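Novice: According to TrEMBL, the protein has these features:
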DOMAIN    212-448  domain 'CN hydrolase'
TRANSMEM  20-39  transmembrane segment
TRANSMEM  46-64  transmembrane segment
TRANSMEM  76-99  transmembrane segment
TRANSMEM  111-129  transmembrane segment
TRANSMEM  149-171  transmembrane segment
TRANSMEM  178-194  transmembrane segment
TRANSMEM  462-480  transmembrane segment
Amino acid sequence: MHSLISFVLGSLLSLSFAPFNLWWLAFISLTGIFVLWLTSLHPGRIGFLFGLGNFTTGVYWVYISLNTYGDAPLAFAILANITLILYLSLYPMLVGWLLGKLSVRKSLYRAALIPLLWLIAEFIRSYVLTGFPWLSIGYSQMSSFLHNLAPIFGSYGVGLVLACLCTLFAYSIVKRTPYPIIIAIFIIAISAFTKNLHFTKPMGEAFSVALVQGNASQYTKFDPNQMYKDLDDYIALSANRKESVIIWPETAIAFMENAVKDNFLIPLDKLYYDKKQTLVTGIATGNLDKDYYNSVITLGNGSRRYSKEHLLPFGEFTPMKPVFNLFNKYVDIPMSDFSRGGENQKPILTNGIPAGASICYEAAFGRVVRQSLPNAQYLINVSNDGWFQDSIAADQHLQMNQMRALELGREMARATNNGYTVFIDHHGHIISSLPRFEQGVLAGKIQPRIGLTPYAKYGNNLFLFLLALYAIIVGLMYPMQNRDGKYLSS
């Protein structure tokens, strides 16, 4: 019965993320699994089944891109998706296994260990094989009172506080005592107070921006005949725009830069320069025979470019090629051997205003997006979530972009191929958006901002400092367990 309950609780956790945004379900789900961890004789198995429920319902969509657009056999695509789910489930399994090895059932020490081990596991997951931080629990609170903590401690700090609250609730249930609830209420009150803290301020006047959504078919996006038509569509959609900045999505120009430099890019550059506008577009730069990059370039009254630093593993490059070479034998994704852009690239300039650019998957990493600050006065994200059709992947990805805007205290203009194309304010709220899978232009205003949130200034260091302090407290509790495993104060 515990096994089934664990799987169901993991599945419920997925509903706390976008597009469902039932943030309170994260409290129910995590409190439930923590109760099981506090009482179970097999916490490792409980953790694995919880992860299986969470990631099966949360990242089921990976097979779509492999099979539909990567020409992988359906069986291989599903197997690859299952492998990813099993791999991700190892993290909560490891947390449970360590709880069983390091502590005894129903002890305060075990309860205190849970948030520490959970957040360590999530943080490690964001680095292994270049990282896959999807469904990290902090994102589930974008619509709750805990999101106020993001500009200070980042998404992992939000996750730590969420885990601590759920642990207090779980311990209160197991021990049938109200005292942990009192502590939880105190933490909630402090979290609510942080809403009144302001770290950034407007700089100058707001300016107009047009986000162009071309809705190019992913089936034919790299077909030479269709590539010219798609480019013509973007040019036509942008031709009569009066906005100061016009933004096209990731690889809106599906050609290599050198292939269209003379007949498209140079004329466009002159056109927008004469109109005193900046065109920002995604395009592949470099040389296919050597190093090539997934980039954002500026034309007209703009300058500088940005090349994607954090590439998508198995989509834009293959990590540990000798080990994973089998993957490339079955999957054929166009332009899947990009080189990495450098770290700490300068913000691009749009009509003289510096913007921090990020491309698609990079939005999952606060440590990458924050590199453009303090100079960047707003954020640009270009993306193409068409690889995953109408699955919930695009909603989850959008939620991560909202978190980046909130963490850094900057407004964001996000242009995508087929959605979600949106304007996001510096609180992480969506101001306006285009419908998915429709061609169109979204016009809006961006207010440049200056100043640094604590997260923008220190990155994950504040979270790690908080985690280290918590680890010291937990460590001091360890001697309270005597040699025969009984907890002296329980």
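Every residue, even glycine, has its Cβ placed from backbone N, Cα and C.
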Novice: Sort out the residues at least 6 away from either end of the transmembrane segment (178-194), same chain, that have Cβ-Cβ distances under 8 Å to it, and list them.
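Specialist: Here the qualifying positions are 145-146, 148-149, 152, 161, 164-165, 168-169, 171-172.
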Novice: For the transmembrane segment (111-129) against the transmembrane segment (20-39), do we get 3 or more Cβ-Cβ pairs below 8 Å once near-sequence pairs (under 6 apart) are dropped?
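Specialist: Taking Cβ pairs at least 6 residues apart, the transmembrane segment (20-39) and the transmembrane segment (111-129) are in contact, with 3 or more under 8 Å.
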Novice: Please give the sequence-distant neighbours of the transmembrane segment (76-99): residues at least 6 beyond its ends with Cβ less than 8 Å from one of its Cβ atoms.
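Specialist: Those are 10, 33, 37, 40, 43-52, 54-56, 59-60, 62-64, 66-67, 70, 110, 113-114, 117-118, 121-122, 124-125, 132, 327, 330-331, in sequence order.
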Novice: Is it true that the transmembrane segment (149-171) and the transmembrane segment (46-64) have 3 or more Cβ pairs under 8 Å, skipping pairs fewer than 6 apart in sequence?
Specialist: no
Novice: With Cβ-Cβ distances below 8 Å as the criterion, list the same-chain residues six or more beyond the ends of the transmembrane segment (462-480) that contact it, or say none.
Specialist: 108-109, 112-113, 115-116, 119-120, 152-154, 156-157, 160, 454-455, 487-489
Novice: Given a Cβ distance threshold of under 8 angstroms, which distant residues of the chain, six or more beyond its ends, lie next to the transmembrane segment (46-64)?
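Specialist: The answer is 2-3, 6-14, 17, 33, 36-37, 40, 74, 77-78, 80-81, 84-86, 88-97, 134-135, 387-389, 391-393, 396.
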